[in-house]
Amino acid sequence: MIFIDACLKKPTPYTPVWMMRQAGRYLPEYMAVRAKAGDFLSLCKDYKKASEVTLQPVEILGVDAAILFSDILVVPLEMGMDLRFEKGEGPVFTKPLRDEAALDALSIERSVKSLAYVYDTIKLTRENLAKDKALIGFCGAPWTIATYMIEGGGSKNYAVCKKMLYENPEFLHQILEKVTQALILYIKEQIKAGVNAVQIFDSWAAALEEQAYFEFGFSYINKIVDSVKAEFPDIPVIVFPKGISGYLDKISGKFDVFGVDWSTPIELAKEKLSPRYVLQGNMEPTRLYSKKAIDEGVDKILSTMRGAPHIFNLGHGILPDVPVENAKYFIKEVQRKSAR
């Protein structure tokens with residue numbers, strides 16, 4: 001698998017490429033399956049349909065890896081929190097996690113068992129995915145998941161979380177520890193079900209200043225990485241802490257690949273982290289609106305990363321209104337221009 005070879009710094013015939021959110025709303029085929037499922041969570045829980053949309057970008061675009069179709073918040077959902085997706089406002093937890101009784105009510109054991117639909121999606125996808133294509137599993141980072149659980153949904157300033165961080169840091173650590181233990185078991189079950197690599201998404205890493213991030217954020221990512229690597233040393237682990245270009249000097253851990261978001265100059269990431277880690281990224285997603293912009297973005301990143309271990313990706317998820325033709329063009333151009 002070219003993607004796995006790249007994760008492990010082995011030579012590849014070209015730079016492998018995939019896109020975050022590649023199974024998504026820009027594809028008419030995805031929208032057709034989602035309409036049949038009824039809503040987003042129903043699609044996540046229907047393993048046959050979830051597998052179908054996981055495979056679509058491989059079949060339609062020719063990406064080098066499929067990424068499991070699911071959501072980072074299925075873990076707190078199956079731990080016992082009430083989650084719904086509201087049109088226009090995203091995920092909402094009807095009873096945010098604010099006290100020890102609510103934390104005690106959440107069950108790690110229940111979550112691992114109740115997420116069987118995810119493992120079934122993985123098994124079915126791996127059966128139908130070409131042998132040379134990797135399947136990436138994933139989870140959210142503990143900090144990012146905790147922000148949703150505590151705030152009750154998305155947030156502009158994370159005021160409730162930060163108040164807790166400064167007023168009751170021990171309780172925030174208790175939440176993060178419990179979420180981390182659930183995620184460790186979840187990722188290990190994904191690997192047993194057949195994923196070839198895993199990615200940890202820390203979408204809201206930039207909400208914390210440097211010292212707080214390494215105490216309440218990255219340290220918990222490394223707990224997951226250490227536990228996974230102890231049991232599955234050959235499974236590549238990708239970390240994607242978004243928006244922390246100022247903290248790169250402090251990044252270390254047993255992971256294999258560091259995902260670079262589009263706001264971080266890839267030259268800076270290369271200087272600080274390569275060749276210790278394979279870099280993944282980091283084209284600005286809106287470049288996909290224009291083939292000329294795609295050409296410029298691809299050329300610049302390939303030129304910067306020439307000779308260094310690299311996986312091509314966007315610096316964040318593909319947007320819902322990107323023309324499919326442009327997404328195809330992007331994938332093909334990366335594969336063509338990076339051919340050794």
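We count from 1, first residue shown onward.
Placement of Cβ uses the backbone N, Cα and C atoms for every residue, glycine included.
In Swiss-Prot this protein carries:
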- Arg21, Gln22, Ala23, Gly24, Arg25, Asp71, Tyr148, Ser203, His316: substrate binding site (BINDING)
- Asp71: site 'Transition state stabilizer' (SITE)
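Positions of the features from Swiss-Prot, shown on the structure.
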residue	record	DSSP class
Arg21	substrate binding site	coil
Asp71	site 'Transition state stabilizer'	coil
Tyr148	substrate binding site	helix
His316	substrate binding site	coil
Distance, Asp71 (site 'Transition state stabilizer') to Arg21 (substrate binding site) (CA atoms, angstrom): 10
Under 8 Å by Cβ from Asp71 (site 'Transition state stabilizer'), same chain, sequence gap 6 or more: Phe40, Leu41, Cys44, Pro91
Cβ neighbour count within 10 Å of Arg21 (substrate binding site): 17
Cβ neighbour count within 10 Å of Ala23 (substrate binding site): 25
Site of maximum Cβ density within 10 Å, from binding-site residues Arg25, His316: His316
Cβ-Cβ distance under 8 Å to Tyr148 (substrate binding site), same chain, at least six residues away: Leu73, Pro76, Pro91, Phe93, Gly154
Extent of the substrate binding site in Å [max Cα distance among Arg21, Gln22, Ala23, Gly24, Arg25, Asp71, Tyr148, Ser203, His316]: 23
